[in-house]
């Protein structure tokens, strides 16, 4: 039974001849891409050395704790600042913007304190009241330099020597720093119910001056409040979220096992179920849109741009425009799904057969469903190690002090200085009010000069290890599922422990090949990151050609990355079967796919599409159940619903988590189908179904194949 094709076989390589000794994945192998394996091991050893060097030079305290003007950490145990975990600014009015504050480069003395001020006060007021009540000084002195105990010292000398702040304002800690306690009342910005205050010189100032000095802090504080409410929602609903994710896991596992017996029925139920769910969404959006439009004095004419960003998403549900946008989006999705199904309806049967075969393979090798846990653990280790090295590299170096001046034209501004010898220089005479203030951590050694290069190396090796971990999982699963397909009598001929055997072969023989393919992908991803960085930098530029070029490069490298991922995936399948090098496996996989380009374009993609619909249906169903639960629309269990600030917090968590869990299960299933598909194509080229060259495919696949070939012969006649 010769296979017909419109493209000469020699164009994409010759089909394989029958090998009677071939019984699935080759066991007698040799190590492949040894040079890449050696380089990979050397890089890992170098990565460990980089982590060691970063650990020696870095200091995480520089990231965890804020630092005062003398480079001392606030809140560090075992130091005089152990009970002083908050950074206080002597004169916050001298701080230009939030970036200056957060980077600790504000040209004013910075002091570690145990708590922020809770009242307005000036040094002049304190001196006046101190004569009658000593408690005024006891409160004010906690914001002065340690050891200073002379409340009678003149204001001019105190400000000159930076002994105490000239004024304090009601503040609250944010990012372990004291910022003015802004509160908006009836549209008016206030601090402690006041709209003005007196500075250290007795001049009346507006609260607006404080806001300008700490521009943007108000929004950050609002963000903190939202974050606290979200944290409270998680604390009160975490067990219900966990229950939703467990339900998703059980449903996903049951769904995959049921495909073995009812693949056709379940898949058609998925298709019509998704169409029905999206259709209901369209109707509901139309009903909400019509209701809001028909109400008198409603917000139907108000647009999303009119109200701007709101932390309470329920505000948007009161706008007819929101429901109109959702209705149009769902209508487009519904139309795309229906058009795809109409044109590919004849290929769905073969896709169903592949899914049945995949479910049968997973049923015989159940351990493959739990392999993603190993991948997750390895990825977590890679991410954690990369993050730790990045933090230690960022915190490497010694304290660097710079001259901070309130004068714009100071010739010594931003020059490095020595705080111990600063008082002996003439800087304060040339630039009155200048200070030698801690700026950042750095150094002049060769190591410190190449911190940025080491960070790039850290990122590249991280991408390499992540891609290697994913590649190892793909090769392991492919070897296990190939052992199933190439067993002539199933399940009698399936080897024992196929997953462990495949993992052992991949690590022992193909570490170099997996590293080679992963490195190629890592370089492409690294270049994409660089392009994203350049695009971010050019957003404010007026060079249209440069932005157009960056956009084109981003598009090209996005396509290249996805093509490489597709080729690597199939190369690892061929590698798991035949045990050849990466380049040879990639070439064989490419030619095999090209010789079966129609099946690749239709069957494989139809299968991916159906699996995607399955993930959407599972996560969507659990999401709908969570929506009715958290919005108290299930009467039976209304009393069990926790009180929430934002019901969408646990709802989105359940939906996103459910999709990830379903994706994990279906990813194994997709790898199984891809492996069986390549084995199916190999089987067609090696064998013809005769007693001497029997097919290894299941009888179900064989029957569908004969129908397909029969319809082709009928069409050609």
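Note that Cβ sites are derived from N, Cα and C of the backbone, with glycine treated the same way.
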Here TrEMBL annotates transmembrane segment, and of 147-177, 178-208, 364-394 the range meant is 364-394
For the transmembrane segment (265-283), the distant same-chain contacts (Cβ-Cβ under 8 Å, at least six residues beyond its ends) come to 255, 258-259, 326-327, 330-331, 333-334, 337-338, 341, 348, 351-352, 355, 610, 613-614, 616-617, 620, 624
Assess whether the transmembrane segment (644-666) lies in contact with the transmembrane segment (238-258), where contact requires at least three Cβ pairs under 8 Å among residues 6 or more apart in sequence.
yes
Same-chain residues at least 6 beyond the ends of the transmembrane segment (543-560) with CB under 8 Å of its CB atoms are 524, 527-528, 531-532, 534-535
